[in-house]
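Chemist: Have a look at this one.
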Amino acid sequence: MCTRNKKDITTEYLNSKKIDRELKQESTTLQPLKLLLLGSGECGKSTIFKQIISFQDEATKKEYTPPSDYVIKNIFLNILTATSTFVRVAPSYNIEFSEEENQKIQSILNVFSDLENLDQTVFTSVSDNIKYLWNSKQIQSIYNNTNRIFQLNDSTEYLMSNIDRYSKPFKPTQNDFLRVRVKTTGIVEADFKIEAVPFKLVDVGGQKNQRRKWIHCFQDITCVLFVTSINDYDTLLEEDNSTSRFTDSLELFREMVNSNWFTKSPFVLFFNKIDLFKEKIKRIPVSQHLKDFNGNDHSYEETSQFIKNKFHTTIKNSNKIVYHHFTCALDSRAIEVVFNSIQHSLLMNVAEIL
């Protein structure tokens, strides 16, 4: 049996304290470890950004967490947007509404056309009408249709199921904060320290019209966190209904992972929204949209590995460091485990330099 004597333990402790002191001294001169979040629109990047911030100290969380009234207004906006989307696409599904339902719809659309004045009182005035429509057979048939011809926030069902709570003054929960959709435009940055080492986390808008701004963020990247929604194998881009989200994400990854900007930067590839993916493959065959898949359409293991391999085969440099994780960005514990692994590797590299 191998034992460690008191001298070994003391030496290890002193070495650890020495590294801590050196890190603290060097933190004033160290360049931040720059983490860049990349991915197509609505892949879950911003949710991962929110999660990473939530793992930091209280001061960092306070600085980068938006105020409650901002979150509340966007919850209302998400719900109104989903409702108006259902109404807009109803004719495409040969769905008609009664005169009473049309009156309820009109009251909602009146609010949607005057978002400047959207507040708790205004939302409450139409919340019963929204709830009525959401629970109607017409809207549910549109929502559950496997051939969707429209884009919808993944959190729609969650938000709609909480309308009663949102109909009176409330304090947003962490789950509300993670699920509310606010489209990222431009560049969002957060600075924080972990074990006295400075980090900079950068999130950029994923829509095609936002990508021209990305190049301003490409210098001195320590690690790229690339997020793809594994659930989007059957979905078209919101901004381009002729291109599938899967193809767009795959081509974007191919471009980024082989870019000269990131020759020395490791990649962490998040196959996100596995919770939705597991449910979707029960209803919508992967082979129906990814024609070269010839495995079991209902097997999570086979379908997820096939998609993972599609991404990995785009990597031209066999020495390129690319880690991958299958994730649900809403699962705080799982994302924390992944981020702890990332930060541990990066901090070890810093310690080796000192």
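For all residues, glycine too, the Cβ spot is worked out from N, Cα and C.
Got these off Swiss-Prot a minute ago, pasting:
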- 39-46, 178-184, 203-207, 272-275, ALA329: GTP binding site (BINDING)
- SER46, THR184: Mg(2+) binding site (BINDING)
- 31-354: domain 'G-alpha' (DOMAIN)
- 34-47: region 'G1 motif' (REGION)
- 176-184: region 'G2 motif' (REGION)
- 199-208: region 'G3 motif' (REGION)
- 268-275: region 'G4 motif' (REGION)
- 327-332: region 'G5 motif' (REGION)
Chemist: Cα within 10 Å of THR184 (Mg(2+) binding site) is the criterion; apply it to the binding-site residues GLY39, CYS43, LEU178, VAL204, ASN272, ALA329 and give the hits in sequence order.
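Modeler: Close binding-site residues: VAL204.
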Chemist: If you count every Cβ pair below 8 Å, which range out of 34-47, 268-275, 327-332 shares the most with the region 'G2 motif' (176-184)?
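Modeler: It is 34-47 that shares the most Cβ pairs under 8 Å with the region 'G2 motif' (176-184).
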Chemist: Excluding the flanking five residues on each side, which residues at least 6 beyond the ends of the region 'G1 motif' (34-47) place their CB within less than 8 Å of a CB in that stretch?
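Modeler: 151, 154, 178-179, 181-184, 188, 199-208, 210, 214, 217-218, 220-229, 232, 237-239, 245, 248-249, 252, 256, 270, 272-273, 329-330, 342.
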Chemist: Could you give the Cα-Cα distance between LEU178 (GTP binding site) and SER46 (Mg(2+) binding site), in whole Å?
Modeler: 9
Chemist: Check the DSSP secondary structure of LEU178 (GTP binding site), expressed as helix, strand or coil.
Modeler: helix
Chemist: Going by a 10 angstroms cut-off between Cβ atoms, which of the binding-site residues SER46, THR184, ASN272 has the sparsest surroundings?
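Modeler: Among the binding-site residues SER46, THR184, ASN272, the lowest count of other Cβ atoms within 10 Å belongs to THR184.
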Chemist: Cα distance, SER46 (Mg(2+) binding site) to VAL204 (GTP binding site), nearest Å?
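Modeler: Taking the Cα atoms only, VAL204 (GTP binding site) lies 9 Å from SER46 (Mg(2+) binding site).
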Chemist: DSSP-wise, what's the residue breakdown of the region 'G4 motif' (268-275) into helix, strand and coil?
Modeler: 2 helix, 5 strand, 1 coil
Chemist: Judged by the number of other CB atoms within 10 angstroms, which among CYS43, LEU178, VAL182, VAL204, ALA329 is the least packed of the binding-site residues?
Modeler: VAL182
Chemist: Could you tell me which three-state DSSP class VAL204 (GTP binding site) falls into?
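Modeler: In three-state terms, VAL204 (GTP binding site) counts as strand.
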Chemist: Within 10 Å of the Cβ of GLY39 (GTP binding site), how many other Cβ atoms can you find? Include all protein chains, please.
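Modeler: There are 25 such Cβ atoms around GLY39 (GTP binding site).
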Chemist: Could you measure between VAL182 (GTP binding site) and SER46 (Mg(2+) binding site) for me? Cα positions, answer in whole angstrom.
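Modeler: About 8 Å separate the Cα atoms of these two residues.
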Chemist: So, by DSSP, how many helix, strand and coil residues make up the region 'G1 motif' (34-47)?
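Modeler: Looking at the region 'G1 motif' (34-47) with DSSP, the answer is 3 helix, 5 strand, 6 coil.
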Chemist: What is the separation, in Å, between the Cα atoms of SER46 (Mg(2+) binding site) and GLY39 (GTP binding site)?
Modeler: 10
